[in-house]
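S.K.: One structure coming up, written as structure tokens, with questions to follow.
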């Protein structure tokens, strides 16, 4: 919705082609007006005449005031209002006189001047660098005014102020209607009632009042629309009573609209969507309620509300000021008012004269000295919480008095009497506030905003004798120290209606040097700026400001940074996974710095690919019992947020189920569906779970296994018994399910139940979206980057090159670029019109190490920043004044650009202002660039823990845990099981007939890499690790047998001590190592790591007579030893009734016997289990399983009493000693 644009006017020189009046003034007085009728241009050479400024086509000249100081200005009167679009300047002809910087003020009346604003600042135009060249500035937005004033700020140091000027623009005309605050302007509808789907209302207004209704329309049924000023801000209110939800909407925009300058408003409504444009700043919003049409009766009134007798209509003030160009749905209201002579009463234009103070200003006015009554009143407005308002020395050495604003309150201080009191609060809000202060002997009263009830009074001892001078906003630096104010902050802001000793101060007399004095103030102008409008704090950040700057408070928004631009959350579950996180609920922000807010999801990281789950509030098996039921699903996220997840996912699904009894579903094979579901785009879908778009079938119809083959859904057979149609909806462009409509329930006996699962999505295409740049001249190009006031860029890179350009985008003079400047330096440079800026991050380590590095760059109106990996953030503050908009026109180049050396390597997950650029898709059709990138394991292989092997994938990597005792995506999940009495597990290394050169056995038994494996199965060293918890002793935890008499065992002795036994031959008895004298059968988890290398085991050595080889390992036992042949007597004794407890992460060299039993693999054939093995994490209470019977337990003792056992395991690691040795000899117990 947009208004039809007006045809642009032809730009002409207003100075040269219009009859104009030039007034040369300084703030010390004005000279007579000079009429200019000559036809000249800036190329003309004008001669000087008696007047300070002349135009003469045949000579030289220009304006050069007699005094070159900051109080000079040149004023142009166009005779009537013009639309000004450009300004051009030259210096004085063939001289050393030119202006290097100036401001432009404009006005309708020659009073109440307004400075030209650009990029949120009072704009200072760059001037000339010599006397002859022409510098032209096209205004960012046109100015409509009758008067223009040029104020030199700086000039050539070797000369003085010299200026020739030309102003460009076109004619402007508009009927103006004055409103006096009493009379309103009604527009009667042709039809008594108006029911509109679309509305376009536009107008311009100016006022010096902070409150007032601009227009109002209402209907008898309760609808209304109101536009009004409240505290100098624009409020639009809409109300509609149609539907179940009351549609009350209130939106606020703008600030400081009581400046008595023109402001334009455009309201465009289409149904519930509204664009509200105030002075070129558009705000879009959607109204509450369920209405599309706005019903208004009889009329809409401009300038106030019609008197209706309703209390609400009388509580609002009418508008007082001027309006022009009022247009309502194509009707020119101002033209109708003029033709019908609906002339409002004459409005007395305000004669207020504001005065503008900066940090070095003061205004001195005389008072009536030696009076017993001190009286001051004035209005002020400011953003600063602190500042000096008034200061005056009393006569007769009675001290002084000052009035300050202190922390937003007005305070009065009598220095000699040490008396201080304050009133008001929050007075630094930019609004006009009135201060009235009166003091006499032993009495003083301070009143704020005319509120007598809240006035602060004091009857403290006080002597008053007024002095000669009153200083407002500051004081001269040459004042004696004893006369100085106690308050050190000068006032920054505006004052008006200044009264001293009950007399209004004539500020024009002050301006002309006839009264008092001043320094660095501007009279007849209030240049206050609301730096929070428009609000640069994004994502709901709260904006606060002082006179010179603003600050964003981002608490509770989910964002951080100077403008609350950066999300504090990761983009996806995939990103959390690669930070090493485990399955849990997480906040994610799918579009990063984009408009979508963060949402909470469940991240399931137990599989190779991460699942993201978004839940809704519809219970499973929801019964449906009326004829046409609409089941609404309310998700924990908005549809836009879910769409962001589904669009970036590789695959999405949502379970849906329909249980029926005499309730048909899709009415197959050829009927109209009774039930359907509504998806993401509010579209109806007539396929069911297990089927696909365009196929009116259920899963059984696709698989051809429906209960009745004549139908394509089980429920369509219309049986009286319960049937069900279930399946997954997996066409992600249609997900999520937002509604289910159930229809066939109007017959007796019809019943139905609906179940809809959460939305589950897998993978993140954006996270791994990558391209490889194989030549230094290769590049990808994209559309122009739109980052005028806020830009963020993030990506990963890996390279072996020492330099290269990552990306670049150019404008006429503006640009933005990121590059690798050297092997240790990343540079972020840009220019928004204030000159090039470069930020460099220097890394202590090489960045061309062919590993992934992350770059984050941001630029906003407050600052620019650059971060590489986790190195400190480099920040550069933006200038307080100057250009803030980044204007780019070229395409965005990723890689080589403009003949520069491009980037060689990989770039991944390139996001700009929350949007991921599809590098892979563009690389498919671009020479010199390949989609995807290999080598992820060089950066992410560290995440594969516990010996897991990193495996390269096209779009990432995975961890191969097959050679470990762990499971999960990063090989960190323990694989454990609970053992009941009598249970045992045997892992056979190989059978007696197996060749000793069997590669599988030789590889698994070796503790080293397969390529360096010994040629037989005799072991010179072993690595054994496992965890256990038990409350029973004695027991055998682990036993390794052999085809010889060699064995190894780990036991818990009757005392609960842990013992390791080795028998490698060469000794008569096994070598026993009592590792720890603590009771290990305490139900706590303990970890055992054993490494033997030859004869060395931890702090112990095997006897020198012992062999160093473990000959022909045969089998590994857990829980119990079931072996034929001779068994060590102690092991035989400890073996009954067997181990009871939990064993986990058992690994012997490269063999994980417990995992092989619980995770079927190609080595699972080596495993034999007696009893039922129940998986357990060994940190929770396992299931209780009946013990083995005596008939199946060869180690059963008749005297043993069997029963049910419940083993309680505790989370965490029990505190214990740890033993370490250098090299490969160590044992670790915990």
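Glycine is treated like the rest: Cβ placed from N, Cα and C.
Straight from TrEMBL, here's the annotation block:
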DOMAIN    63-170  domain 'F5/8 type C'
DOMAIN    176-352  domain 'Laminin G'
DOMAIN    352-526  domain 'Laminin G'
DOMAIN    528-565  domain 'EGF-like'
DOMAIN    564-616  domain 'Fibrinogen C-terminal'
DOMAIN    769-933  domain 'Laminin G'
DISULFID  906-933  disulfide bond
DOMAIN    934-972  domain 'EGF-like'
DOMAIN    995-1178  domain 'Laminin G'
S.K.: Check each residue in the chain of residue 933 (disulfide bond) that is at least six apart in sequence and keep those whose C-beta is under 8 Å from its C-beta; list them in sequence order.
M.R.: 770, 771, 772, 798, 906, 908
S.K.: Is it possible to list how many residues within the domain 'EGF-like' (934-972) are helical, extended or coil according to DSSP?
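M.R.: DSSP classes over the domain 'EGF-like' (934-972) add up to 7 helix, 12 strand, 20 coil.
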S.K.: The domain 'Laminin G' (352-526): mean pLDDT?
M.R.: 89
S.K.: Counting by DSSP, what is the helix, strand and coil composition of the domain 'EGF-like' (528-565)?
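M.R.: Summed by class, the stretch gives 0 helix, 10 strand, 28 coil.
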S.K.: Which numbers of helix, strand and coil residues does DSSP report for the domain 'F5/8 type C' (63-170)?
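M.R.: Output for the domain 'F5/8 type C' (63-170) reads 0 helix, 67 strand, 41 coil.
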S.K.: Counting across all protein chains present, how many other Cβ atoms fall within 10 Å of the Cβ of residue 906 (disulfide bond)?
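M.R.: Within a 10 Å radius of the Cβ of residue 906 (disulfide bond) lie 22 other Cβ atoms.
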